[in-house]
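Q: Quick one: this structure, given as structure tokens, is what I'll be asking you about.
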Amino acid sequence: MQRHMLKSKIHRAAVTHCELHYEGSCAIDEDLLEAAGLIENERIDIWNINNGERFSTYAIKGERGSGMISLNGSAARRAQLGDLVIIAAFAMVDEAELQAGWKPKLVFIDDGNKIKGHRDHVPTQNWT
């Protein structure tokens, strides 16, 4: 059996550009792409923390070290500059890979869209 699992996540990235007439749907700083294990043309889901919008598109490379998160084409209508978003990708993972210790790549970034940490799991949510 295969399971559809979280593969990659870039958590709380700030939108730096919204380019309605640019080809390609989400340009992501190449450093962030690599850290999250994402590649060009990979399907991604974007969840806008500010307005609740959720949509799918694909990743393209943004300038390395720039902190770029550019929503392009129709995706530009789903956010405003400065909105915080979560960018995620999923993969089909078989039971053997899961048993062997397969883990997602979670990337946490600072206010300038620079990497501040990595994790391979989402912590248990507690009632507090």
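Just so you know, glycine gets a Cβ as well, placed from its N, Cα and C.
Per Swiss-Prot, active site, schiff-base intermediate with substrate is recorded for SER25, and the stated evidence type is sequence analysis. Annotation source Swiss-Prot lists active site, proton donor at TYR58. Annotation source Swiss-Prot lists substrate binding site at THR57, GLY73, SER74, ALA75, citing sequence analysis. Under the heading pyruvic acid (Ser), Swiss-Prot lists SER25, citing sequence analysis as support.
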Q: Can you figure out which of SER25, GLY73, SER74, ALA75 (the recorded positions) comes closest in space to the residue listed as 'active site, proton donor', comparing Cα atoms?
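A: For the residue listed as 'active site, proton donor', the closest Cα among SER25, GLY73, SER74, ALA75 is found at SER25.
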Q: Can you give me the Cα-Cα distance between GLY73 (substrate binding site) and SER25 (active site, schiff-base intermediate with substrate) in Å, rounded to a whole number?
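A: Given the Cα positions, GLY73 (substrate binding site) is 6 Å from SER25 (active site, schiff-base intermediate with substrate).
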Q: Have a look at the recorded positions (SER25, THR57, SER74) and report the one with the fewest Cβ neighbours inside 10 Å.
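A: Output over recorded positions SER25, THR57, SER74: least Cβ neighbours within 10 Å is SER74.
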Q: Name the residue among the binding-site residues GLY73, ALA75 whose Cβ has the smallest number of other Cβ atoms within 10 Å.
A: GLY73
Q: Under DSSP, is SER25 (active site, schiff-base intermediate with substrate) part of a helix or a strand, or is it coil?
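A: Where SER25 (active site, schiff-base intermediate with substrate) sits, the three-state DSSP reduction gives coil.
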Q: Three-state secondary structure of the residue listed as 'active site, proton donor' from DSSP?
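A: Strand, per DSSP.
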Q: Give me the CA-CA distance between SER25 (active site, schiff-base intermediate with substrate) and ALA75 (substrate binding site), in Å, as a whole number.
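A: Here the two Cα atoms lie 6 Å apart.
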Q: Give the sequence-ordered set of same-chain residues, not counting THR57, GLY73, SER74, ALA75, with Cβ within 8 Å of the centre of the Cβ atoms defining the substrate site.
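A: Those within range, site residues removed, are SER25, CYS26, PHE55, LEU71, ASN72, ALA76, ARG77, ARG78.
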Q: Measure between the Cα atoms of every pair in THR57, GLY73, SER74, ALA75, the residues the record assigns to substrate, and report the largest value in Å, rounded to a whole number.
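A: Overall maximum Cα spacing for these binding residues reaches 10 Å.
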